[in-house]
């Protein structure tokens, strides 16, 4: 620690701290323009100049490292004159259009001029004008170059934090201007972080343009509803209508940054596809009715359907309190453990739960990725969890964390990684087994004898040996290791085997003293919370097995009802039960299995065979189109609760308006259903349910609603001993020359909910098919061609996107476009999906030739 004195106030700071950071700790304000906390100091704006005793010239506080015994003054006549002169120079060419500028009322230049600027400008010359009109750089970002003060925040944010490198400067001197490539941002991430950090109105949000002033907005701090990173954001609404999103440096895992979905994708709540009133099926047609009529219909149709003849499926996008109450409703009112929270895959709980219990880290992401090594397994973190990617890039570049990649899809983070090991989709388990075997082989001592027998005979795929050697040597050298695992691993029919190999690697790292931490990279906002709340067929809240007598008794006493003893059916088994005519009632909340579960034909047949299909949602989904009863539920921002993100951080989800139309909150609808069965469901409010959760779920003990604050609160877990031992290695996957189709989220969408966003659709409305340049050339295809993808079960058409970094033999189709009906190509229990591709025009010509013959 060193001692510094600033404006006659002394304090001790860590060596390496800047004068600006020391002043902030004392509450002394030093004005800045170019400085931003997530970026290295630039010291170009000269607003933060201070006097340092013993130095002749003023020094920039943002870039000057404090020294022991240093004496600093921040508010002398010379400093005041210098600041005033700097502001006068900025105003010399700054347009006087504050009344029409969107930044009016929250402009840093306005604030600085009022606090430190001259009362009158010395300059009388005509102002420099680049363009007479604003330039629309992209569908969501618009620019007024005349207002730019050349702080370079936007350029550096785009390059150093986001990694897109879409903005840059052209010309020099007075003619310097910020712009995109060829005056456009068409190829950038459209995240809007440049807009967020712009201190003036140079970069603006086009969807928000001219809509409101900051003082007109009612602002609500809440959580992003898209991926599992759990970014904190502030929604601005006027008279209940969504206007914009901004974020705050001080709070949340994201520290002010957001991705395109979080900043521009929340307008989905204003979609025209909202369900306005309850509907029941009459004469084969869904007919709008009142809640009373819907209740009468349900009372007649529900009958005595319960137990194994009842099932429930709910979305992991909903709050913890809704998820908790749903599984409680299913178990105590409908008397069934047939509950699940995924409509895309069935998780092998018998291996997943022990891994989570033994290795999952509920620590801040910044702490977890600050370890010596971070191994990212599966998926594409750039597109699935963009803000997590920002944090990982920062860790690699500024904190010297060693990144390692093991996945099928390329990622922008590959450029910052020490080793990139390409895995075959569905073959991640084989790659993990190869890592374990290689790590055991280079370890001299300290390992049990049985490890060598259970990990021998596994080798990496052809061409991967160099990458494997680099990855293993980095793991061996590292003092501590974090594993970030994509949910892609759960899509494969080999998910169980893959998780076994993940367990092997975690065990081995623990034996080697690497202090392994595990976190999943969930692509749904509350998937972690859904697991914690027990929305799974074989566990109760807290991931406690149904078969555990003591745990079951504790919940039965609290709920005042008996819980079925046998584990229930997962989504796959429930659909099979429906198809066979054994499902009396299937209750689907916020989920759409008809569009998301593999084999659309099977799912449609199964849902149609259910005796009673109840769909509760904010939007009219494909599954709702088959329902017997449709109940309009509150959408995002219309009910309160909590989300638990990938870190295990529980955060408050706050509503900013009442449910639209005739919709009701999900909790109110659960109470409505329970009342029809004459089995009241208590408690019924978010806060009281939260209190019950904190009493019954060990990881949530000690949390309070009031204590969540702006940063949320971390759940806790004491790692349980691993008792499963080491699993046998996997055999090598079969090699095939057939193109293999994989799926996942694209950067601009998340699931299907984001398709209701007009803004996101303006950025990425058209579906696409992505493949390597090598494969495209082999098929005589070019970027932008309309192509046909055909499997044994179906086909689809979309534009081709050629990616030179994409692996040979793979085809990627995003899961986010409902019109594609991607699941109609897939077979249950098969992933990846073998396909063939051809150009649509060639296919049409071929068909015409066949007709002529």
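The backbone N, Cα and C atoms fix where each Cβ goes, and this holds for glycine too.
Swiss-Prot annotations:
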| type | residues | note |
| --- | --- | --- |
| BINDING | 34, 45, 48, 62 | [2Fe-2S] cluster binding site |
| BINDING | 94, 98, 101, 107 | [4Fe-4S] cluster 1 binding site |
| BINDING | 148, 151, 154, 198 | [4Fe-4S] cluster 2 binding site |
| BINDING | 224, 227, 231, 259 | [4Fe-4S] cluster 3 binding site |
| DOMAIN | 1-78 | domain '2Fe-2S ferredoxin-type' |
| DOMAIN | 139-170 | domain '4Fe-4S ferredoxin-type 1' |
| DOMAIN | 179-209 | domain '4Fe-4S ferredoxin-type 2' |
| DOMAIN | 217-273 | domain '4Fe-4S Mo/W bis-MGD-type' |
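Taking the features listed in Swiss-Prot, we show where each one sits on the structure.
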residue: 34; record: [2Fe-2S] cluster binding site; Cβ neighbours (10 Å): 23
residue: 45; record: [2Fe-2S] cluster binding site; Cβ neighbours (10 Å): 23
residue: 62; record: [2Fe-2S] cluster binding site; Cβ neighbours (10 Å): 25
residue: 94; record: [4Fe-4S] cluster 1 binding site; Cβ neighbours (10 Å): 21
residue: 98; record: [4Fe-4S] cluster 1 binding site; Cβ neighbours (10 Å): 15
residue: 101; record: [4Fe-4S] cluster 1 binding site; Cβ neighbours (10 Å): 18
residue: 107; record: [4Fe-4S] cluster 1 binding site; Cβ neighbours (10 Å): 19
residue: 198; record: [4Fe-4S] cluster 2 binding site; Cβ neighbours (10 Å): 24
residue: 224; record: [4Fe-4S] cluster 3 binding site; Cβ neighbours (10 Å): 30
residue: 227; record: [4Fe-4S] cluster 3 binding site; Cβ neighbours (10 Å): 27
Legend entry - Outside the domain '4Fe-4S ferredoxin-type 2' (179-209), six or more residues from its ends: residues with CB under 8 Å to it: 33, 36, 94, 101-104, 107-109, 134-145, 147-149, 151, 153-154, 157-158, 161-162, 164, 166-170, 243-244, 246-247, 256-260, 263-264, 267, 386, 747-748, 759, 763
Legend entry - Mapped DSSP class for residue 98 ([4Fe-4S] cluster 1 binding site), helix or strand or coil: helix
Legend entry - Under 8 Å by Cβ from residue 154 ([4Fe-4S] cluster 2 binding site), counting only residues of that chain that are 6 or more apart: 167, 178, 194, 197, 198, 202, 203
Inset, instruction - Please work out which residue of 48, 148, 151, 231, 259 has the most C-beta neighbours within 10 angstroms of its C-beta, and give that one of the binding-site residues. - result: 259
Inset, instruction - Could you give me the DSSP helix, strand and coil counts for the domain '4Fe-4S Mo/W bis-MGD-type' (217-273)? - result: 10 helix, 19 strand, 28 coil
Legend entry - residue 151 ([4Fe-4S] cluster 2 binding site) to residue 259 ([4Fe-4S] cluster 3 binding site) - Cα separation in whole Å: 22
Inset, instruction - Can you grab the distance from residue 98 ([4Fe-4S] cluster 1 binding site) over to residue 62 ([2Fe-2S] cluster binding site)? Cα atoms, rounded to a whole Å. - result: 29
Legend entry - Among 94, 107, 148, 231, 259, which are recorded as binding-site residues, the nearest neighbour of residue 34 ([2Fe-2S] cluster binding site) by Cα: 148
Legend entry - Rounded inter-Cα distance in Å - residue 48 ([2Fe-2S] cluster binding site), residue 148 ([4Fe-4S] cluster 2 binding site): 19
Legend entry - Helix, strand and coil residues within the domain '4Fe-4S ferredoxin-type 2' (179-209) as assigned by DSSP: 8 helix, 5 strand, 18 coil
Legend entry - DSSP-derived helix, strand and coil totals, residue by residue, for the domain '4Fe-4S ferredoxin-type 1' (139-170): 13 helix, 7 strand, 12 coil
Inset, instruction - Compute the average pLDDT of the predicted model within the domain '4Fe-4S ferredoxin-type 1' (139-170). - result: 94
Inset, instruction - Round to the nearest Å and give the CA-to-CA distance linking residue 224 ([4Fe-4S] cluster 3 binding site) with residue 101 ([4Fe-4S] cluster 1 binding site). - result: 27
Legend entry - Integer Å distance between the CA atoms belonging to residue 148 ([4Fe-4S] cluster 2 binding site) and residue 94 ([4Fe-4S] cluster 1 binding site): 8
Legend entry - Cβ-centroid neighbours of [4Fe-4S] cluster 3 site 224, 227, 231, 259, 8 Å, sequence order: 226, 229, 230, 254, 258, 261, 262, 385, 386, 387
Inset, instruction - Give the three-state DSSP assignment (helix, strand or coil) for residue 107 ([4Fe-4S] cluster 1 binding site). - result: coil
